[in-house]
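Per TrEMBL, transmembrane segment is recorded for 25-50, 62-80, 100-123, 144-167, 187-209, 250-276, 282-304. The domain 'G-protein coupled receptors family 1 profile' annotation in TrEMBL covers 41-302.
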Amino acid sequence: MPNASSWSASSPLLLLWEDSSGTRIFLSLLYAVLAISGTLSNVMVIYLVFSFKKLQTTSNAFIVNGCAADLSVCALWMPQEAVLGLLPPNSSSLRSAEYRLLRGGLLSLGLTVSLASHLLVAFNRYVLITKLPSVYQALYQRRHTGCMIGLSWALALLLVPLLPGLWTPGSAQQPPPRQTDGSSRYTALLLALAVLGQTALLLHCYLGIVRRVRGSAKRVSVLNFHLLHQLPFPAAPPPPRRAQRRLSSVSVLLLCCVFLLGTQPLVWVSLLGFFLRPAPPALQAASWLLLCSLSALNPLLYTWRSEEFRRAARSVLP
């Protein structure tokens, strides 16, 4: 049975081998709920965008890209974790290094593209609101948009061989060597710094949007773009100007808070483990759970304030 030091060398995700059967069953049920809800919501968003022409915008192209990445987590990775949680700790599936690497590859691919898509959506909205329409049209041509989406997947594919080592614990009989421990710690540090930098850029974009909206509601009203309906702001009918600015700020603040809640625990747990001492395994597992749960929440974060999405969903759902 691995001790705390072996778990600190690589993030254990949620299936802690020393957990009781009741805890493992609870986590498996939680994985199953996230897998089902996340798969349905991501598939629904992708279907609506491809089925309704009004939803086929540049901002929604990045949202669909994130939903496709989240499907690799919700539809492919989470169901496996739910099943493995019901298996005994000495199961051959848990001990297979190749299978653990496959699961880690699916997770790293999905999370990397998903986080990149968050940033692409935020930057797209920032340029739309704060820059001239001519700048937006020149930057977000169809070819440029395709290149941005392709780069997000290329970056993820480059990181796939590196990141699975973060969550591939050594076996009970053969703990990972010291050199692997050191490389995993530095990989965790780089991952934490990358997520921290991505979060800073995302907050800069959304806070810039809030400043512009609060400072000039007239500037937003004259932008005749379909993308305005994809912002987490009220669409129609418009409330009074003061109430509109307040509701816009609250919507963006809520989106940022959910994103911070999902990403920052893992960042600070990783930094704590690198500079001071490893966090308890349960805290490491909880930080990974919050990050992975974003894959199920992302479709709601970007569509719940869109009247176009709600209208399209009402026309499809019974």
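Glycine too: its Cβ is placed from the backbone N, Cα and C atoms.
Remember, TrEMBL labels are computer predictions, not curated facts.
Counted over residue pairs 6 or more apart, the CB atoms of the transmembrane segment (25-50) and the transmembrane segment (100-123) come under 8 Å in fewer than three pairs, which marks the two as apart.
With a threshold of 8 Å between CB atoms, the same-chain residues lying at least 6 positions outside the transmembrane segment (100-123) that come near it are 59, 62-63, 65-66, 68-73, 76-77, 80-81, 94, 148-149, 152-153, 155-157, 159-160, 162-168, 195, 198, 201-202, 205-206, 259, 263, 291-292, 294-295, 298, 302. Counting residues 6+ beyond its ends, the transmembrane segment (62-80) has Cβ neighbours under 8 Å at 31-32, 34-35, 37-39, 42-43, 45-46, 49-50, 103, 106-107, 109-114, 117-118, 120-121, 124, 145, 148-149, 152, 156, 230, 292, 294-296, 298-299, 302-303 in the same chain. Within the model, the domain 'G-protein coupled receptors family 1 profile' (41-302) carries an average pLDDT of 77.
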